[in-house]
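Taken straight from TrEMBL:
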TRANSMEM  A:6-21  transmembrane segment
TRANSMEM  A:28-45  transmembrane segment
TRANSMEM  A:51-72  transmembrane segment
TRANSMEM  A:84-103  transmembrane segment
TRANSMEM  A:115-134  transmembrane segment
TRANSMEM  A:155-172  transmembrane segment
TRANSMEM  A:184-204  transmembrane segment
Amino acid sequence: MSLWYLYILLLCGNIAVGIIRRKHLGPALKVMLGIIITVLVTEVTKRQLKAPYIALVDHLYFIGELLLLLVYYHVLLARNKRKLLYAGLVFFLTAVFVLSLATPGYLWQNNYIDFVFLAVCVSVWSGCFFYELLQKPIQHSLKSDGNFWINCSNFLYYPGTVLLFGYSAYIEHVNPAFSHSLNIMSNMMNLVLYLLYLVAFAIARKQY
Amino acid sequence: MPQQTNEILVTILGGTAILLFFALTLIFLIVLYRKKQREYYDQRLKLEEEFRQELLQAQLEAQESTFHSLSQELHDNIGQVLSLAKLNISLIAMNDQEPIREHVTQTKELLNTAINDLRDISKTLNTDYVKEKNLEESILRELDMLKRTRKFETDFETRGTAFTISPERRLILYRMIQECLNNTVKHAGATHVAIKMDYTDTALNISVRDNGNGFDMQQTGKGVGILNMEHRSKLIGCTLSITSTPGKGTQIGITVNSGDQ
């Protein structure tokens, strides 16, 4: 319970800092601010819902999250990397489509295999960002590059939670109590994610 | 069932730990790579700067060496010839009649002036001489030479307690002031030149001001003289400032920190 409030507080903090420092944020970080507002709305909405609807919102949110992150990376990455973004989108949508065909009622289940596909896409896109970062002029400061912090965060969060989400349905089936304790781990990773996002918004400076 | 739970736990935690480890390692390597890149870049800049300084130093040393040779040449050859000519004329004057003697006296005076001027020029070019004398003396000699042309009024003022400046820096400062005066004579169309030396606890502020035509700093490019002064100021780490307004003369400020000596 308290972790959830901390999580919401962190999201609000991100939004507040992002709005206060909006003049210092580049276009990509402004998109990221939009994503965080969406996350906040989704989390608060989920809180009002009951069991099967929560899973539905989660699955729809994953699709939305991928699309929003696609916009973020579309703004952030160079033109020649955009093919990878579209390939990721096609891969994710195809996988989700096949999954929903193969598993009747998939969208209503606590089975988060789609998150695994999302995590793969975001990890690859983050990797592309890091590759581009290495080509940037030496004067480009990592510390004040908000996108560097955002991508560090993504690069830790998505691979770090992919197994937790991937196995969630199975664990819940064999040991529901254990599943609950793994949720805490997932929430902790969420806190780390948004804490690093907060750092990104707090210290970001436009660089040319 | 507990056995199965343990296996799942190991798989998830182990797998997550491995993935997190890879992610952290990659981020760490990126940061490290950028840090190394920056270090390399800084080092290259430093080396380039050192190379520039050495090149500049070599150029100035070559220039000083030329000055020195010229000074010796003026003193030992032309000076000697003029002195000999003066001696000869003195001998003629002793034996000749009154009208010729008057011409001879005038010629002797001219020769005297030429010898004195030559000696002064020789001194200003002589690196060892400049290094031996203090800056005030050298500046006063320069101003004296200007005054003798009867085209310039000069003022010299020094304030505060002088601190020691190494001979090499003194020489460079002197050359910078020479360059200022040279510019004033050549381009300014001035009639008055004032030099102020203000010693404070932390620095020596030198100002060279003339009442000449001045120039528009935006439109007029930097000539060789100003570029030389800038190079010399970089070499001894002093600050050079040039202020000029058309019709209102030019002021050049040189600041040398006492700690840099």
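The backbone N, Cα and C atoms fix where each Cβ goes, and this holds for glycine too.
Beyond its flanks by at least six residues, the transmembrane segment (A:155-172) meets 109-113, 115-116, 118-120, 122-123, 126-127, 130, 178-179, 182, 185-186, 189-190, 192-193, 196 of its own chain at Cβ-Cβ distances under 8 Å. Touching of the transmembrane segment (A:28-45) and the transmembrane segment (A:84-103) is ruled out by the presence of fewer than three CB pairs under 8 A, sequence neighbours closer than 6 excluded. Residues 62-63, 66-67, 70, 73-74, 77, 109, 111, 113-114, 117-118, 120-121, 124-125, 128 of the same chain lie 6 or more positions beyond the ends of the transmembrane segment (A:84-103) yet place their CB under 8 Å from a CB of it. Sequence-distant residue pairs (6 or more apart) of the transmembrane segment (A:51-72) and the transmembrane segment (A:115-134) include at least 3 whose Cβ atoms are under 8 Å, placing the two stretches in contact. Here the transmembrane segment (A:184-204) has Cβ contacts under 8 Å with residues 3-4, 6-7, 10-11, 13-14, 17-18, 21, 24-26, 29, 32-33, 36, 143-150, 152-154, 156-157, 160-161, 164-165 of the same chain, all six or more residues outside its ends.
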